[in-house]
């Protein structure tokens, strides 16, 4: 036998590895292990005196929990994957395996760095591209691709590792990386959650999945550069030409594109880009390549655009007729008129071979379009000479490329010679409306503006601010006129983003379009002439100074100059623009207008103005001015307009749809209509309509809550949410409402928590002023930092964020909330919101109620109807209410949910199911020593049980008219009047607001019958019954008799027949089937019965201490019990659905000891089996209820109405009615202490020839009803007690003896 010493036993107990791990600090906040000191070698010991972190996880293959304090870490690169270990305070190394999923994101950058070091150590000559490809494969489990930004976070670790490892120090990438010392940069595919909300971010916008889908839908518009016909980083023109261009030389360097010649800063300064052709409305004819005016507003247009929505080419009418070679002059003139009218589809939309249209869904019938002339082919009709690859034997060069155009082939037809260097035809096909002389002038102006010396000289030469302003404008405008210009708004850059700072608008004048292209050079020439003229005006300086002093001081003039929006007086105007650009106003120089020499006071005041302007006008203030609020983000042009919608596309698509519709109305064929307007255009225009509708809502309807899709939760629903949520709050917690609206939630929560003795903190955020300012802060939720709130272990966040399109805003608000790691998130969000358990966050769904907010649960703030009443919002698809708990709090919160019946399986379930569960839970509530029934006082408030029963009746779609019998006639109140006395405002448990409720009381919810029917038709509410604990409080000095268990409280009937006999009892008190009601209301001598939330009802009690049988059943007739309509039979399905109540009751009272037991079933023929199917219900004697119903004789309401079907006992079936006399029939099944079970309806009284009341002259009480199944006899008779029963008369009350 092998013995193990103590040291080896200790080794077995030491954890060797940790899985599902994470690290936390003393505040139980997750931290990265990289913050610990690193131990590079065995010789180098780490000082463990510093504060360490706690390692949490599982060890021993996940079987044992792990909780260790660690002080250092190390890594090992010798294996296939980097291995990380941490050193405990006991100097034991623990290897780290797989981290917890939510913790993996926190240490992702460390893992990327270690994988990089390992790869570069083994491959010193590896390139940067090879590194990222390797890391992408190794770390593909993470959503974010590895990048240089991950290494920047640990540049110190990389530098130290390179010092200690020779192979790593020889890595080319490491040398370049450490030499360059890079900083974090924005990556094209990097996601930034704040971009959708904060316009001021310097980072570029990253499209969401939905935006990428929109880009795919938008690809049928041109997506290649108009100069080089290649893709890449392109800038789209906002005008009608629908073209795109490479903006910088770098963007077009792969295809040797001349590009637009901008630099990166200039591109970022562009808001909306219009090419020079669209800016001046001077376009090229796609056939002859000559420029011509396209401005048809003055009737002088020369070129006209093709009407197709996706075609941006212009044509001279005579060029089209000449190309088509129409021999008939009349046909040519008709075609020209059609072209001028804007109803012409160019030859590009017909195959040059078969002259048929395009079918994009069929690859063979897709078009191959030439980029130099209006010629197209179907793929199947493409000539052999237009090849996708070089054929050297036949001297055929590549003329076709697939994949550059959406569902099309890009070709150069044989009419265009291919340049061997460019591999495309000569690129002289794009002409802008400016001359070569202007290009030279613009280059000179650019050189001067970019030179510091040039700028200083310009400032010395131009002293007049008016002249300086006009010269600046002229230079700027001449620069923009020579290059593709920009306008206010946003650029449509296909794969990039520009700054959001708007450009200043410039006023222009429209001119004759026929001479626009001749006037551009004149502007620069006349500007220079004005500058020279300004230099000659120095002779009048003294006169101007004297005149200025005599009229107004220089400081006032300067102040008025800075305040005036247009300080330059209009003089001569050089018109150089069109619809998009308006003309500059250049003031001619007036004598004496030059600024005189400044005195000391003026200089001081001027410097003060400059200093103030420098302090106040900063980039931060400008960005803040144009900042878009969070709830407006889905309506901003950054998210909607700039990427997919341009003015040219919208106008062209609308015009195409109108033309196509006109063609169809005039009898044209569908093919011609499709050539004008493709099916994809119709789909796209509908998407644009939806997007623009959302975007324009704040402008069309004002900046109101509803314009941003906001709606508020009704206070009644908020109160019910508070009643659920307050159980989870602890002292010192902080309740955060990140979109508080009217700020009702925190107020209600505060009142509830104060009532329960808890003190919490509150933070409420919104962009709009709240109705009340209880801890309210008008602030964007996206700007809230962790320093402003408590630690996550004390945070409870919610509740109703703005939804946004496809829950986009809800997802953003939740993502922001997860940064604080609150212990609880309670949310009202649409169903399409991304679930927290699908995110990489450690949150567990505690419960979810999908029907709680159905119906009119919301209202529209500030909106009223014609009666000045608040408009309510009815949800077609109600948003679920859900409560999420952080994983380390989940067990605690689940226990709270179970205790208060909040779990998902309970929330939103039907009343019937809840009552059944409560009944099953209360079958045997007492121990063996407490088995006697007379120790259990059992009385229930009548109205309360009537509430529960009535709700169940409503859920079964049975129209009921209930009558609540009281001991006194004055106590017969209808349910509606009773509720009016109590007040209508109740919390979720049915209690009146502002009143406390005893913990042992039963939760119930009271509504009017119509409200019940409406609520239950939408979603059944839960009837929650609390089970009281068995304490000494259950015993009372005034004891109820054991017979009180037969008390019945309510008489419910759909109809009550008019009988000639009065009932002995007006209504029998009924017991509930749940144990929770036991001992709640104890009947005492000369006292009142307390009901849950109900007014006290006085009862006449006899003087005896022990409750007798007489005082239970002695009732007085009431007017409400008489003169009502005949009763209609219950449906069998109703009794079947409720039979389980009696099963629970029978088990309950059949198991309390020898004093009570259920009767033995009688012998029945074989045709009466005990139970032969789930839908056929039997009582304990085996009688089927399939025959139940009302026979020829009707049951009078004077007997208290038909008893509650749940509470009434069943009779024997018709088969036994005439077989034996009444008493003999039941004799074999009784003993002295047992009663036979009664019918579901009260017993039929003996008929009397006259009178309206069935009198009981001896005032004997009626026999008590034993517990029963829910069956009845067609005749309604029920057996009486054993005649030998000591408390009753010999007849058992059936006759007056």
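Note that the numbers count up from 1, one per residue, in the order the chain is shown.
Each Cβ is built from the backbone N, Cα and C atoms, and glycine gets one as well.
The Zn(2+) 1 binding site annotation in Swiss-Prot covers 237, 241, 275, 278. Summarising the annotation, Swiss-Prot assigns Zn(2+) 3 binding site to 306, 311, 346, 349 and lists sequence analysis as the type of evidence. As annotated by Swiss-Prot, compositional bias 'Low complexity' applies to 475-487. The annotation region 'Disordered' is assigned in Swiss-Prot to 471-547, 562-598, 969-1017, 1085-1109, 1260-1297. For 492-499, the entry in Swiss-Prot reads motif 'Nuclear localization signal 2'. Taken from Swiss-Prot, the feature motif 'Nuclear localization signal 4' applies to 979-986, supported by sequence analysis. Under the heading zinc finger, Swiss-Prot lists 222-281, 282-352, 351-417.
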Cβ-based neighbourhood (8 Å from the centroid) of the Zn(2+) 3 site, residues 306, 311, 346, 349 excluded: 307, 308, 313, 344, 345, 347, 348, 374, 675
Structural state of residue 241 (Zn(2+) 1 binding site), classified by DSSP into three states: coil
Residue 346 (Zn(2+) 3 binding site) versus binding-site residues 237, 241, 275 - nearest by Cα: 241
Residue 311 (Zn(2+) 3 binding site) as reference: those binding-site residues from 237, 241, 275, 278 with C-alpha within 10 Å of it: 241
Distance from residue 349 (Zn(2+) 3 binding site) back to residue 278 (Zn(2+) 1 binding site), taken between C-alpha atoms, in Å: 23
Residue distribution over DSSP helix, strand and coil in the zinc finger (222-281): 14 helix, 10 strand, 36 coil
Integer Å distance between the CA atoms belonging to residue 241 (Zn(2+) 1 binding site) and residue 306 (Zn(2+) 3 binding site): 10
C-alpha spacing of residue 349 (Zn(2+) 3 binding site) relative to residue 241 (Zn(2+) 1 binding site), in angstrom: 17
Pairwise CA distance, residue 237 (Zn(2+) 1 binding site) versus residue 349 (Zn(2+) 3 binding site), rounded so that it is a whole Å: 22
Neighbourhood of residue 349 (Zn(2+) 3 binding site) by C-beta distance under 8 A, where only residues 6 or more apart in the same chain count: 306, 308, 311, 357, 358, 376, 675
Structural state census, the zinc finger (351-417) (DSSP three-state): 9 helix, 22 strand, 36 coil
